[in-house]
């Protein structure tokens, strides 16, 4: 449908609504029945609202047509037309303020930082995108609960939501009716009259519900307008927090219903009795008393819910013996919890006088709060710790946030198909943690590694889904249950179905495909076209429901009617016209036939070949035959004994980690390789179980996301095969950023010309040889980047250190130290203060139990942490904690680190506010530390006040490298769910691929906390914090300096590609911001700036700057009862290390 047809369609709907309104007005004048008049008034009110909606959409469509006309008249899209389209495409409800573009610093060019030089440009030197690409799309300022309220102004999003919801409810109810009809027939056959009558009553109710759902669906389909808009894709994203069933206590008050279509009665009958039933997961948990006036006085219901998703309200009339449903409403408990959280935060911030970023700096205070002229620039809420000295911002008449009582959710909600209901909700979560809504210590979370099941390259892991999913193989629903999902391509199916998957994972290249594996020569591609999804459809690949209404993300095959997301269509196999079940039957038949032929061939060879024929073929002929890739004629000539011996030797000569294999270990391929005798040590076949791993930096033992790792990629390809490198800007320093595609084959050709014996340096390193370390000379900022031909400075890639680097080789053990105090505790161990017995020098020793490391599959994570320490040691970075030694005992491993006696910033901010200058100083040093990490291909992923230590000279040092990820250059991505909840970027929560920009989001949260002594995204548990990160707009004191608000807006941008620091210049985008205009970065790096605060200690062993919760514990190593096997101990080979400095 083109724009002309859409305009015509909307015009017809406008005329129809006007005719209905006029008819209702005429009917109202001709009747005196108050009940009829009330119903006509409701119809006219809804008609006027629909009329406004249609007229608004007509204006949007006309403006879009006008914008397209302007584009066609010009040579290219002008900035005016781009911004014009932005205003047109913004869907109804997108009214939240947008952060400014991250490159918008030209207005502050006169305030450039001193000493920045050419490395801190006023704007990013790389080309920008389209004219309107720098401004992120505004976020919707409504919740799902707002959409089901009767008087919601967001009619467009409500139509999309209800189309999806009602269509799904209708599908479920129709399946339910089929089951009831079978029950009626069964009871009739058995002669059970009572059960038959009960089932018949349920059948009548189910049929009536289907009638109501069809009426509601038809109503919303008539209101829907097919206009391409980028609406929020809600249910098609598996959010780990928002879709989780909740447990707790739900309180409901039912007050009234009105404008419902009551059941028809006789002329002289009284008004029917009406009651409301409340269901939780299809179980009736509450029922109101009957009412004849549609009102209830004291209907309070409180009941516990256990892992419940949704509450259903059904309004019944009882005109005769059996009640008849007349209206329905569905409310998700997570929506109630989100509304309660937002109301509480809004009440606290309003009482404190905080506003959104667009109102900061305005002269008039918010209307709810009269601010006096004596108030300071900004201060923390009075309940935050350390704010007693600066509590003048909130006047006495404003209630402090701690006294703000959370009010229940109250309002009129829309019933389907007609009517409204007045409800009041409250919900108290069960087992809620304490202190999550305040600034304090919070542990990091990390997604645990799951058992991986491989099938045709898919890496299936079992997952629990909290929304309705459809199996991509058999097409049935998963329905709130566990299923299998590929970690790489997100293919989703039943647990019982994953073994029948016949399609190859997109992450598996053709080179990795087994040449003997069965393939279907059915190559009929689908013809996917965009379509407006008006009903409940599911993606045939990932199993999630398609977004309703928008053509942008919905595709449908014009031949076989298969539906998929736009981003999933390239993953759908070319089986148009063939179901997956049929494809699986064909492949099973091919496998059976091949096995039969193979068995026959082997039996024939055993009967006909003479013993002497084994040696009749010369080695030269075998070598000649092996040069033909398609020839497999000689693979069956060797005897079974020789083949088994060759396979055994073949598997032993390629030591590989014991992790999940990427390719199948079919005996056919191994036999072929054994007979061909083609350099087994360079082969890429996986090892057999139980092989001893190589400890030259090989991963796969506990890395949360080893599939992105450079080392696992080397293992997958084999040591001798050409290694496919990840993108690194340093590799392209002398190449134009926009080089022609013709240059790429030459680069690939050069990579293929590498010698087969080329091995990564980490595998050639001799662990017995001491490695010379670079001198700890502070690098100059003039030499840290290499400018490319395109003008984009890119960091030079330095070689990664080996996890088995022994350093100087000097042996250090547990008997060298005395433990003095406990400084902190973590997931697998603790950090203790220790002194050497000889020199009495103090060190912080991180102690981890081997048993826990192996149980949680974290061996590779420990190796990675050591490698990151060596990266920090490489240049003795002034703001990174350095490693002095590593050693191990039979039960534990130990990291010997420098002792920072000033405590962490969390302790100091709890003692008092930092102020702007102090926060700016710490932020500058943290920025340089992150810059160094990113220049060495490391993302930190756990930036928080707890991990930033303060030295006695007042400077900071970042500690705890347990969540760092290596080999993360510009453009590299990973997908592990990890971090501390308050600091996790939205892309992590949305289970998307992410890169270095997650560190800059956490950097924004850190600056916010240092300036305002509280988190920008708060909640009483992790789920509420995740909700806030995805939905809330950070608030600021009304007189907060504009430079501070600006950098926070740009860092806390939810779109990672628009976030400050996400470009190839990385930290330089942050360093050039007006917030740091007075910072001399060279002086900061060389510690020439006087720190604003110096921590105090009474003696060298004084631990008063650490939490007494830890320091009060006796510093002893608890005995470990378990004994590790020799194979487990081998996992830690090469861990010991000694630095060449003290």
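Here the Cβ of each residue, glycine as well, is placed from N, Cα and C on the backbone.
Taken straight from Swiss-Prot:
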| type | residues | note |
| --- | --- | --- |
| BINDING | 823, 824, 825, 826, 827, 828, 829, 830, 831, 846 | ATP binding site |
| COMPBIAS | 385-394 | compositional bias 'Polar residues' |
| COMPBIAS | 613-622 | compositional bias 'Polar residues' |
| COMPBIAS | 663-677 | compositional bias 'Low complexity' |
| COMPBIAS | 712-724 | compositional bias 'Low complexity' |
| COMPBIAS | 741-765 | compositional bias 'Low complexity' |
| DOMAIN | 231-349 | domain 'C2' |
| REGION | 70-139 | region 'Disordered' |
| REGION | 357-403 | region 'Disordered' |
| REGION | 592-622 | region 'Disordered' |
| REGION | 651-807 | region 'Disordered' |
| ZN_FING | 457-505 | zinc finger |
| ZN_FING | 525-576 | zinc finger |
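Annotated features taken from Swiss-Prot, shown on the structure.
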residue: 823; record: ATP binding site; Cβ within 10 Å: 27
residue: 825; record: ATP binding site; Cβ within 10 Å: 15
residue: 829; record: ATP binding site; Cβ within 10 Å: 20
residue: 831; record: ATP binding site; Cβ within 10 Å: 22
So what's the mean pLDDT when you look at the zinc finger (525-576)?
84
Tally the residues of the zinc finger (457-505) by DSSP class, grouping H, G and I as helix, E and B as strand, and everything else as coil.
3 helix, 16 strand, 30 coil
Just to be sure I understand, if DSSP states are collapsed into helix, strand and coil, how many residues of the zinc finger (525-576) fall in each?
3 helix, 13 strand, 36 coil
Using DSSP, what is the helix/strand/coil residue split across the domain 'C2' (231-349)?
17 helix, 59 strand, 43 coil
